[in-house]
Amino acid sequence: MKFQNALETIGNTPVVKINNLFNSDHEIWIKLEKSNPGGSIKDRIALAMIEDAEAKGLLNKDSTIIEPTSGNTGIGLALVAAVKGYKLILVMPESMSIERRKIMEAYGAEFVLTPREKGMKGAIEKANELAEETPNSWIPRQFDNPANVKIHVETTAQEILQDFPEGLDYVITGVGTGGHITGIAKALKEKYPNLKVIAVEPELSPVLSGGSPAPHPLQGLGAGFVPSILDITLLDGVITVGKDEAYEYAINAAKKEGLFCGSFHRSRLSRYRKTFTGNTAWSKNSLPLITTPEKGIFLLRDSSKIL
């Protein structure tokens, strides 16, 4: 299969059946967003936001893109900026992994670190400061950009509809910017009226559950606030996940299924176990889909804890 550039390989990710990980009566499927060229689902929104800005005349060949990011969006933006020739400055909390920073540097991006205790709010504030100081700059504002939601309505959800024409009962997915869960929930619920969409967030920062924001180790999951593009009316439930159980299922999935995915993946798998396995409230014929937005390579920083 031939493509004219790396950007054409974004999307159309595979869906794989889980066979050995759970003792379950459900037919469980996982959508592998790690198959995107930058290694995560964030490649989709990076391309969408930049092309939306181009169409609106907000970017030109001399523009600088500045974005606060927890990691994967930064990698996606770095990949797209490299192909399109834009200068990119990424702002992130210092708690984000060294692996992600090195990948961004490999694509040619510059980055600025902010205090970990300020979380993503601190990164957003710093990005806004840099934008004011930098002529001809543009901030994608992934937490507020409608293009983030739109790309998931138009691509991710359509791929799911094509793969599951018979329908789905549950979708379990995490919340970072809120674009993915909002986009697929909006599109899928139009076709699957009985679909239940379950959001996953860190137990140490359970903002959607009514708790307080706090630092946590599940990178990319839980921004510490409710993003403006997140439509909480589309959610049928919110569940939390802890670090230890998440790591446990990351390595079990690798050993039993040959699927080595990242923090989103491990959190969803552990939540599936607690939510579905042995729960008589769920029908034995239920069909759940779990999304896995990143590669397991991003876990290697903590490999001593999971291997």
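Just so you know, glycine gets a Cβ as well, placed from its N, Cα and C.
According to Swiss-Prot, the N6-(pyridoxal phosphate)lysine annotation covers Lys42. Positions annotated as pyridoxal 5'-phosphate binding site by Swiss-Prot: Asn72, Gly176, Thr177, Gly178, Gly179, His180, Ser263.
Shown here: features listed in Swiss-Prot, placed on the structure.
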| residue | record | DSSP class |
| --- | --- | --- |
| Lys42 | N6-(pyridoxal phosphate)lysine | helix |
| Asn72 | pyridoxal 5'-phosphate binding site | helix |
| Gly176 | pyridoxal 5'-phosphate binding site | coil |
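Comparing the recorded positions Lys42, His180 by how many other C-beta atoms lie within 10 angstroms of each C-beta, the top residue is Lys42. Note: the CA-CA distance between Gly176 (pyridoxal 5'-phosphate binding site) and the residue listed as 'N6-(pyridoxal phosphate)lysine' rounds to 10 Å. Taking a C-beta cut-off of under 8 Å and a sequence gap of six or more, Thr177 (pyridoxal 5'-phosphate binding site) has these contacts in its own chain: Ile45, Thr73, Gln142, Phe143, Asn148, Ala223, Pro227, Ile229, Leu230.
For Gly179 (pyridoxal 5'-phosphate binding site), the same-chain residues lying six or more positions away in sequence with a CB closer than 8 A to its CB are Ile45, Gln142, Asn145, Asn148, Val149, Ile151, His152, Pro227, Ile229, Leu230.
Around the Cβ of Asn72 (pyridoxal 5'-phosphate binding site), the number of neighbouring Cβ atoms within 10 Å comes to 31.
Of all the Cβ atoms in the protein chains shown, 29 others lie within 10 Å of the Cβ of Gly176 (pyridoxal 5'-phosphate binding site).
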